[in-house]
Amino acid sequence: MALWFSETASPGHHLEWKVNRLLFSGQSQFQTVEVLDTQAFGPSLVLDGIMQTTTGDEYIYHEMLAWVPLSAHPHPHRVLIIGGGDGGLAREVLSSPCVQEVTLVEIDSLVVEVSRQFLPTHASAFADPRLHLIIADGFEYLARTDLEPFDLILIDSTDPEGTGPGGILYTAEFHQKVFQALADDGLYVQQTGTPIYNPEVLAETSRSVAQIFPICRVFWCVVPTYPGGFFTFTSGSKRYDLQQFSPQAVNHARWYTPAIHRGAFALPPVVAQLVPPAIQEAQTFFGS
Ligand code: SAM
């Protein structure tokens, strides 16, 4: 009898993955942690019943969340990642020769443990000497007063819905802390989910960020694993516009290119209407 994992995208829509083997199932103090060997995308991480990242298509999300900011910042030497305990984003960020150090703040040590054991393509980053892994709540970490300013802060957390620890990372108070933790020309990017199913995450986050940062932008990519595929990121920047960037030769990339970077800021009207007018105006292309 075939085993299937089912995720509820919305009350009337489920996503299902055929499972060859259940590799791990456990409960941390924060969430239920499972690793499934799926037929379609290989070893995949599930938290509280939500598919987080798969071996088969993780490169899309991680290349975009890493290389759009890395290409737009002239000297991305110090990077903070909050969440991302699977290691995939850190691996992608560390593939840039400009990056001198990555601090990864993950609240759940069980996620790191199972990723090291079952998600080797994600977890290769943990062997990089430039990586500093800290097990802590990202919100509390930014309350520390001894932090050196960061050039980039990337939020790779679980979604704000539900009972998990990700919700606090979508508050204006947290965005204010991010602003304070960034260098004078720093910028931050946060995953803001699939607006086709959860438009309020993008709408509320972009509104909050636009009130705190002088430059706020929204970009997107297609991640087959996530409901509806269409997936967004919201950015706040103190000086640089992510649409202005120096093309990087990311030779290993299977999704990111300078043309994809440029096109990722073209928002369909059904999505643009969710974000503040200033973002819509700044991201309206006429014939370019
Ligand atoms: N790529 C996935 C996505 O976009 O849905 C995210 C994957 S990553 C595994 C998400 C991580 O964020 C989880 O390991 C979770 O424990 C971590 N996380 C959630 N809230 C956090 C917080 N407040 N501080 C630090 N890490 C947090």
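Easy rule for this one: first residue shown is 1, then count along the chain.
Note that Cβ sites are derived from N, Cα and C of the backbone, with glycine treated the same way.
Feature annotations, reproduced from TrEMBL:
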DOMAIN    2-238  domain 'PABS'
BINDING   GLN31, GLU106, ASP137, GLY138, PRO165  S-methyl-5'-thioadenosine binding site
BINDING   HIS62, ASP86, ASP156, SER157, THR158, ASP159  spermidine binding site
ACT_SITE  ASP156  active site, proton acceptor
Integer Å distance between the CA atoms belonging to ASP137 (S-methyl-5'-thioadenosine binding site) and ASP159 (spermidine binding site): 15
Count of other CB atoms lying within 10 Å of the CB belonging to HIS62 (spermidine binding site): 26
Contacting binding-site residues, sequence order - HIS62, ASP86, THR158 vs ligand 1, Cβ under 6 Å: ASP86, THR158
Which same-chain residues, if any, lie at least 6 apart from GLU106 (S-methyl-5'-thioadenosine binding site) yet have Cβ under 8 Å of it: GLY83, GLY84, GLY85, VAL112, LEU133, ILE134, ILE135, ALA136
List of residues, in chain order, with Cβ under 8 A from that of THR158 (spermidine binding site) and at least 6 apart: GLN31, LEU47, ASP48, ILE50, GLN52, GLY83, GLY164, PRO165, GLY166
Rounded mean pLDDT for the residues that make up the domain 'PABS' (2-238): 96
Annotated spermidine contacts HIS62, ASP86, ASP156, SER157, THR158, ASP159, maximal Cα-Cα distance (Å, integer): 16
GLY138 (S-methyl-5'-thioadenosine binding site), number of other Cβ atoms within 10 Å: 27
Number of Cβ atoms other than its own within 10 Å, given for PRO165 (S-methyl-5'-thioadenosine binding site): 20
Conformational class of ASP159 (spermidine binding site) under the three-state DSSP mapping: coil
Cα-Cα distance linking GLY138 (S-methyl-5'-thioadenosine binding site) and ASP156 (spermidine binding site), given in Å to the nearest integer: 11
Three-state secondary structure, GLU106 (S-methyl-5'-thioadenosine binding site) (per DSSP): strand
